[in-house]
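K.L.:
Mind having a look at this structure? Questions to follow.
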């Protein structure tokens, strides 16, 4: 029996479920790609394209066809058996509260947990509707009940930071600080690719949305090992010859579409001289990032202390490979001579002119075709035109002195970093796919419950709500729009503002976060991908050997956002629910 008398609740739920999914794209997905963009492994536009494809494919392809009526299992839905429309109202209030809070958090650049946001909304409406006794504060297992939120504040960042630190330290002392690190990377990169593929296969097998495999444990182990070995072999055959031509021989004529040629690339002739205006085959991943000596020289020059500036420049240029913070083997890849006392402004690496997708507003009245088309482009592509990397260098209340922060971190060999950029792209894309497969339920799970209650007029059986494909497409589309239009706001507040990012660091962060999600999935521990990547970023930053490489003010700001997520969303939802169900009306005397 369709509850047509509550069509307005379905309409309101649809609007705010779209806003909730939009915020997941602008907040949750954006912080997943922040490290890759900050490390220059991908451009912002490339991150938007890859993120959109992987999130949409994960959501629609293997997204949950069946969602828990209340995903976080903090309110007993059987209490609403006699009044299913009241649960419908409660879920609408929860989605409204979650979307409002996420909008505020995204506006202020706070990376927050969307799972905890919707949980707060459900708790608030549950207290207002059935009282505090109807809320499951402590569950029968570690992943049930409200207490799981508090455990997640410690478990997620702690585990992710530990795993990411181990991965980066192995990379640091096994490759980056060794003599000839590029050749060491040629050995380690295929192994890392195989390990990463095996771990991501494990994640898909254990947390793969609606398509649950029915394999025995030995079959699962064999599949994981087989996928890892096969991927490592493919990388060795096809990618490594291409990287050899690019990194070692500096073949400036090669493009990414030459990768399928594999071993045939080794038979190419001598590399012709590059064009005079060429900027090199491998980009400088540390462009605009200063070492301590370079920063001291530039600031001394700005303060008029020419003697100190000259001394710092001489010290730095006389030993360009001198490690920072007492480390050995690290390579400084920038020319210090540009930081002489003759420069009163910061020396910046030459940046190519960025061609915007929106362009200037054409002349004419607002209702003309050209101007209206420009407004459409502005709405769709304004976010893509944002210069995220430059924004991360700007000072703000929470960004501290970013240049000083980066000066305490070591700069490793640039060509070696280039090889790790491909690993980082792989981990980010795969993490985005699994995020779409699972976390889209934060937005469409409650909405699917509202839709089924409206359609059937009764509680879903066994606390499960069917999720039609059109709802998955609806949620995934709103998520992608949020990523494209406002994802830059979270990205520019993260990445290099927490610690110095580079491909080797970013790969370690993302893989450490993925390992944490895999382990938590298997052990059913309550973790958030947002909290995992933040903990991994801090863990890798501390591997520089000093706490000064971390922007603790920003970390505290992020933690504050986690702390207030559940109570703020709960208060908004509870107030809405309480006001509505207790509101005076005609003929009501109670």
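Placed from the backbone N, Cα and C atoms, the Cβ positions cover glycine too.
Features from Swiss-Prot:
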type     : residues : note
COMPBIAS : 313-322  : compositional bias 'Polar residues'
COMPBIAS : 325-345  : compositional bias 'Basic and acidic residues'
REGION   : 297-361  : region 'Disordered'
TOPO_DOM : 267-466  : topological domain 'Cytoplasmic'
TRANSMEM : 6-26     : transmembrane segment
TRANSMEM : 44-64    : transmembrane segment
TRANSMEM : 85-105   : transmembrane segment
TRANSMEM : 118-138  : transmembrane segment
TRANSMEM : 149-169  : transmembrane segment
TRANSMEM : 186-206  : transmembrane segment
TRANSMEM : 220-240  : transmembrane segment
TRANSMEM : 246-266  : transmembrane segment
TRANSMEM : 467-487  : transmembrane segment
TRANSMEM : 506-525  : transmembrane segment
TRANSMEM : 527-547  : transmembrane segment
TRANSMEM : 561-581  : transmembrane segment
K.L.:
Are there three or more C-beta pairs under 8 angstroms joining the transmembrane segment (85-105) and the transmembrane segment (467-487), sequence spacing 6 or more?
P.N.:
no
K.L.:
Same-chain Cβ contacts of the transmembrane segment (186-206) under 8 Å, 6 or more residues past its ends?
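P.N.:
Distal contacts: 62, 171, 174-175, 213, 215, 220, 223-225, 227-232, 235-236, 239-240, 243-244, 419-420, 422-423, 426-427, 430, 434, 507, 511, 514-515, 517-518, 521-522.
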K.L.:
Which sequence positions outside the transmembrane segment (44-64), separated from its termini by at least 6 residues, show Cβ-Cβ distances below 8 Å to it?
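P.N.:
Contacts with the transmembrane segment (44-64): 25, 29, 32-33, 36-37, 204, 208-211, 383-384, 386, 388-389, 425, 428-430, 432-438, 440-441, 445, 467, 469, 472-473, 475-477, 479-480, 483-484, 487-488, 491.
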K.L.:
Mind looking up the mean pLDDT for the topological domain 'Cytoplasmic' (267-466) in the predicted model?
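P.N.:
Mean pLDDT, the topological domain 'Cytoplasmic' (267-466): 70.
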K.L.:
Using a Cβ distance cut-off of under 8 Å, indicate which of 6-26, 506-525, 527-547 has the most pairs with the transmembrane segment (85-105).
P.N.:
6-26
K.L.:
Do any residues, 6 or more residues outside the transmembrane segment (149-169), come within under 8 Å Cβ-to-Cβ of it, and if so which ones?
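P.N.:
For the transmembrane segment (149-169), the far contacts come to 113, 116, 119, 142, 504-505, 507-509, 511-513, 515-516, 519-520, 525-528, 531-540, 542-543, 559, 562-563, 566.
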